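Novice: Per Swiss-Prot, the features are:
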- His111, His115, Asp300: Fe cation binding site (BINDING)
- Leu134, Val135, Ser136, Gly137, Gly138, Asp167, Gly180, Asn272: substrate binding site (BINDING)
Amino acid sequence: MRVLGIETSCDETGIAVYDDKLGLLSHKLYSQVKLHADYGGVVPELASRDHVRKIVPLIKQALLDANTSANELDGVAYTKGPGLIGALLVGACVGRSLAYAWGKPAVGVHHMEGHLLAPMLEDDAPEYPFVALLVSGGHSMLVKVDGIGRYEVLGESVDDAAGEAFDKTAKLMGLDYPGGPRLAKLASEGVPAGYKFPRPMTDRPGLDFSFSGLKTFTANTIMAEPDDHQTRANIARAFEEAVVDTLAIKCRRALKQTGYNRLVIAGGVSANTRLRETLAELMTSLGGRVYYPRGEFCTDNGAMIAYAGLQRLKAGQVEDLSVKGQPRWPLDSLPAVD
């Protein structure tokens, strides 16, 4: 089976063609970072309009790169949610329309399921079952995964997600958008300097996350300390270590609770070097293993949507002719793939 995947949930237009026998045949990505940089964050209306401009040329190029015609496709997968409704509808309208015109089935994919399954694009993919840590700008969650669609959310963010906390803290430090990667780079120049940052919600049972208080603590520290580069770097490191330690503590608890020894990390924050190193050390100490996608598949992309969509199309799950977007969509409400 060969599927065209379309991702437009936020500020990246991602298109890919995936074949269940040959693997990933093409992968195109356009990022709107420069478009939104002057605003310090994503402007939904601008994001939607830019998707409209870029999506069809990218689809044509992806098919050309994959040496695939519409007749050779077996289906179309597009991100149905969660995300920005305007951006979602661009991908849904184009994906559903092309599928109808080509006489192919279409399926709407859950964006976070795409991230969760992104490590399956690698040669050394994890086997089920495993615990997944999904960390992005909009989500932080721990999920017990027993198969595709067999998900139990063990814990999630009750306010700011990890990626959101990175971006907001970076803005407090005067760093340009997108702030998360820039804050991580600044943190790499920092040294432990006696700052004692909290590890939120680790002093109580449970697997939920909360990073808004840590963000406020960091803001107060910034205002109280000298405004020089090294001090900012030290604060950035203390903040990053607090986030990473919190995520690691919760992962350890989730692994103990489930009895699993495989951990998957995915989503934009999974590209963070300190997080990868810390979780690798954790899994080594537990006699387990951590898996994550390559860097280009940590952020939003069409490849993960094509892969996830193919699994559901193979199981006979298809959309009707209506075009729908779901800005909010619980991951554990998805049907299982037998």
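Quick reminder: no glycine exception, Cβ is built from N, Cα and C everywhere.
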Novice: Here's one to test understanding: among the binding-site residues Ser136, Asp167, Gly180, Asn272, whose C-alpha is closest in space to the C-alpha of His115 (Fe cation binding site)?
Specialist: Ser136
Novice: Give me the Cα-Cα distance between Leu134 (substrate binding site) and His111 (Fe cation binding site), rounded to a whole Å.
Specialist: 11
Novice: Per DSSP, to which secondary structure element type does Val135 (substrate binding site) belong, with helix, strand and coil as the options?
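Specialist: Assignment for Val135 (substrate binding site) reads strand.
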Novice: Please report the Cα separation of His111 (Fe cation binding site) and Val135 (substrate binding site) in Å, rounded to an integer.
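Specialist: Given the Cα positions, His111 (Fe cation binding site) is 12 Å from Val135 (substrate binding site).
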Novice: Taking the Cβ of Leu134 (substrate binding site) as the centre, count every other Cβ atom within 10 Å, in any protein chain shown.
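Specialist: The answer is 26.
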Novice: Compute the centroid of the Cβ atoms of His111, His115, Asp300, then list the same-chain residues not in that set whose Cβ lies within 8 Å of it, in sequence order, for the Fe cation site.
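Specialist: So the extra residues in range turn out to be Glu7, Ser9, Thr79, Met112, Gly114, Ser136, Gly267, Asn301, Met304, Ile305.
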Novice: Roughly how many Å separate the Cα of Asn272 (substrate binding site) from that of Asp300 (Fe cation binding site), to the nearest whole number?
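Specialist: Answer for this pair: 15 Å between alpha carbons.
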